[in-house]
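**Student:** Attaching a single structure in structure tokens format; questions to follow.
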Amino acid sequence: MAGKARVHELAKELGVDSKTVLAKLKDLGEFVKSASSTVEAPVVRKLKEAFPADGAPTSPGRATSRPGPPGGGARPTPPSRPGLAPRPGPRPVPGRPGPLGRPGPATPAPSPSPASPPLPASPVQASPVQASPVQASPTSAPAAPRPAAASAVPAPPMPSVPSAPSGPRPGPNAPRPGAPQGGGRPRPGTPVPPSGPTAGGPTAGGPTAGGPTAGGPRPGPRPGPRSAAPGNNPYTTPSAGPRPSAGPRPSAGQSGPPSTPTPRPSAPRSGTPRPGTPRPGGPRPGGTGAGGPRPTPGGMPPRPGGPRSGAGGGMPPRPGGTGGPRPNANMFQPRPAGGPPGRPGGGGAPGRPGGGGAPGRPGGGGGPRPGGFAGRGGAPGRPGGGGGGGGAPGRPGGGGGGGGAPGRPAAGGRGRGGTTAGAFGPGGRGRPGRQRKSKRAKRQEWESGLEAPRMGAMVPRGNGQAIRLPRGASLADFADKIDANPGALVQVVFTQLGEMVTATQSCTDETLQLLGVTLGYEVQIVSPEDEDKELLESFDLSFGGEYGDDVELSSRPPVVTVMGHVDHGKTKLLDAIRSTDVVGGEAGGITQHIGAYQVRAKVDGDERPITFIDTPGHETFTAMRARGAQVTDIVVLVVAADDGVKPQTIEALNHAQAAGVPVVVAVNKVDKEGADPAKVRGQLTEYGLVAEEYGGDTMFVDVSARNRTNIDGLLEAIVLTADASLDLRAPTEVEAQGVAIEGRLDRGRGPVATVLVQRGTLRVGDSVVAGEAFGRVRAMLDEHGGQVVEAGPARPVQVLGFTSVPDAGDNFLVVPEDRVARQIAERRQARERNAELALSRGRPTLETILERMKEGEKTQLNLILKGDVSGSVEALEDALLKIDVGDEVGLRIIDRGVGAITETNVMLASASDAIIIGFNVRPQGKATELADREGVEVRYYSVIYQAIEDIENALKGMLKPVYEEAQLGTAEVREVFRVPRIGNVAGSLVRSGVIRRNTKARLIRDGVVVADNLTVESLKRFKDDATEVREGYECGIGLGSFNDIKIDDVIETFEQREVPRA
């Protein structure tokens, strides 16, 4: 068989069933799933080589051959000519049977011929006859002959080849009494065995030694190649094909002389004989269908009392003849047989089908049984064919006729439970119900890992191990760290922490840490700096770090950051240094951007470059001041001489001290009235800045930015401080690295970033990545708008070519190629997105579901922020999120960006009911028309604190009004009047305030409120209706349906007034 072959095809070719092939493949180390699986050509060759080496393999469920006693008879051979009827035999004579001749091998006919039409079978009833003892061999077993069966269609005799004597072998092909052999009609191409003489018995025409044989001949094997087991051939059914018989078996009531035995070797062969092949072993033991006397083990005397019930000796046949239906097998109990206990079939081996069986085991015909079919002849639990007597209770046997090998149903028979055998095995059991799995099925299921799913997977517990997780990590990330199932962690979080989280959702840091404590792990959240460091290390990159010994360092200019309180003159001082007017270009006269400039100052006759960074002094620009302090070498702290130290002054000083940079104090506005520079020196002494004239090491310089006084002294102090305390050197021949100070979206140039190079040289054409933005440097501009080809350390330039606007404060570095820059930026975007989702979602817990439902009713103000530079947008967002007007109103910024207001922003605002805040930007294109059409409100601001003030007022206006109770007046009841169709009316005297109609009232009796939430429905002054009655006047007050009014009660009226929110 070339190429791949299926298991059932190999089983058919080898003449075994599929289970045997599967077992053999497993023994050879090859795992095959089922009978329809394919195997490779090398495995097929190895399998074929293994079968001849092992001999005839034994399939599960078949009976094995056993050695028989010596001196047994021979097996009769099958006939070679079909179509001739056998001669009638004598009537059954009970007696001690001798050894039975074993049937010989089948001789196939040269060509199949159709059988003659069947003749009506007439049942022959055998009369009981006194048994005559017959001397048997010492190894024979006592047994009684079976009752005669009805004669079947006669078949021609055929000479058979005698076989050598061998031990007895139980024949699984014994015919059933009372049923026709061969299924009532000879099958085409099936030879019919003759009724020749048997060894050890009388010749033709005389009585047989073991009693009469069965009524008809057994069909022989089909000529040609041997057929596969029925369980492996999907195109054959047991009821249509020939029975895989090893040869005809003489049975009781057989007409004609017994067949001639065939000599066989006495050595037993392991395994089950295949159909159509000679069977090893000696003669079959006597009993029903025996051709000779049954051997008696140990020379035991015959059983007294004549034949036992069920032995077949002289017993009438079963009712029903040959064609009657067989009743349910479950209604019969095991019948005792003529053999010793545990040996069904008389002298057969235990568990083998044959003549009489032991109690509780399938055995021979145990007396009259209704039904025209014999019982199943096989070991319990094994599919046997027709043949040997009644089957076990509850298991109907196969049809009448020659019995097949154990495990294969006979021709014309049926599988278990009376159902036709399937393509890959015998049919089901006789009784309904669920079948039990065999050991092999359980073993294969266990080996294949087909286990039932278990509820509640185990989670490995820790012993305090540290686990590093990034911000916004999911439970799947946690499971990867501890080698657990993410679904199990979801279950743990839900059952033990009460939070509903999926395996892939981003979790908050608190949730991850609490889960770690629950499972015995120490969860460490990786900081953004460490995350970025690990990301760059994955690309063999690094930011910052120490210089190597082989790196050549060059001197660089100092980076000076000007810091201080708002309106203390920082930008004006820079204008004086640069001889420019930056303040005039700032809205509101305050700095709202961080700017970087490089100027050349003459110090001691030398022109020294100095890089200045201007930071805003407004309180909302804390992040800008912090970034300025991080990238600077020297901080110039500007303090107004007339104003002194202010909150932002202290904050700027703290930033400088945290960065560990030296500070130079510039006392500005010394020319202004009321200026007191000494006071400033004294105040800063409290914060650790001691002037040199006071014995400290901090240089104080008195300057006037307006009059440009003592500017050279300030520059000299900066240079001296840099030379004295700083080593201003950096490498120039390495990849450029630095910090993005500011970013904006230019209408004609696209994203523009102001970067400060810290090391290396930045050139046009380099691939750079800054935060989540990446690109290639298309052009570089200086502070005056001139082109720059390359920028060295401490040089601020504007870089064009980014794909998006970098955030202020992002680190930038040059990478080898654009692909690496894009991958780094994408990973940073994913990391930030996960962190934002973890913070924004806020996992719902079982305890906070109702609270969140209530929060859904809370009023919320949605905003979209657009600004000119990223630093201003960041400062505005931080300032707005700090506004707190109460829990009833929330502020949510759904989008922010740099650049003009676009139509996309308008559509997003329309869908989310948001307000657009434009900071130093205007609408683009038709955004204004679209906003008017969609009803979207757009606010424009150029000063940041104006935007903050308006948003705060809007939030306060969205608050729900708060009401308080205001007392209007009280009236004392003097008399109670009964008015028809109205009720009781209180004649009262107004003691204080005013009593008005339709106001709320309460009734007080003896200082206790009797009724509350009443309404003054009627108010009269004498007979006239009145709207209000003032103090000192009498009136009649009706409280509607409330009539429990008594004299001396007090009626108090009040109203709810709205209280303005603070």
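Even glycines carry a Cβ here, placed using N, Cα and C.
From a predicted model like this one, the values you see are computed outputs, not experimental measurements.
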**Student:** Any idea which of 584-588, 589-593, 694-698, 1024-1028 is down as region 'G2' in Swiss-Prot?
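**Tutor:** It is 589-593 that Swiss-Prot describes as region 'G2'.
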**Student:** Have a look at 544-547, 668-671, 868-871 and point to the one annotated region 'G4' in Swiss-Prot.
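**Tutor:** It is 668-671 that Swiss-Prot annotates as region 'G4'.
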**Student:** Tell me which range among 564-571, 852-859 Swiss-Prot lists as region 'G1'.
**Tutor:** 564-571
**Student:** Swiss-Prot tags one of 606-609, 614-617, 782-785 as region 'G3' - which one?
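**Tutor:** That would be 614-617, the stretch labelled region 'G3' in Swiss-Prot.
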**Student:** Determine how many residues of the region 'G4' (668-671) DSSP places in helix, in strand and in coil.
**Tutor:** 0 helix, 1 strand, 3 coil
**Student:** For GLY564 (GTP binding site), just give me the three-state DSSP call.
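**Tutor:** DSSP assigns GLY564 (GTP binding site) to strand.
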**Student:** Measure from the Cβ of GLY564 (GTP binding site) and count the other Cβ atoms within 10 Å, all protein chains considered.
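**Tutor:** Looking across every protein chain shown, the total is 28.
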**Student:** For the binding-site residues listed here (ASP567, LYS570, VAL670), tell me which residue's CB has the most neighbouring CB atoms inside 10 Å.
**Tutor:** LYS570
**Student:** Taking all residues of the region 'G4' (668-671) together, what is their mean pLDDT?
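**Tutor:** Value for the region 'G4' (668-671), mean pLDDT as a whole number: 89.
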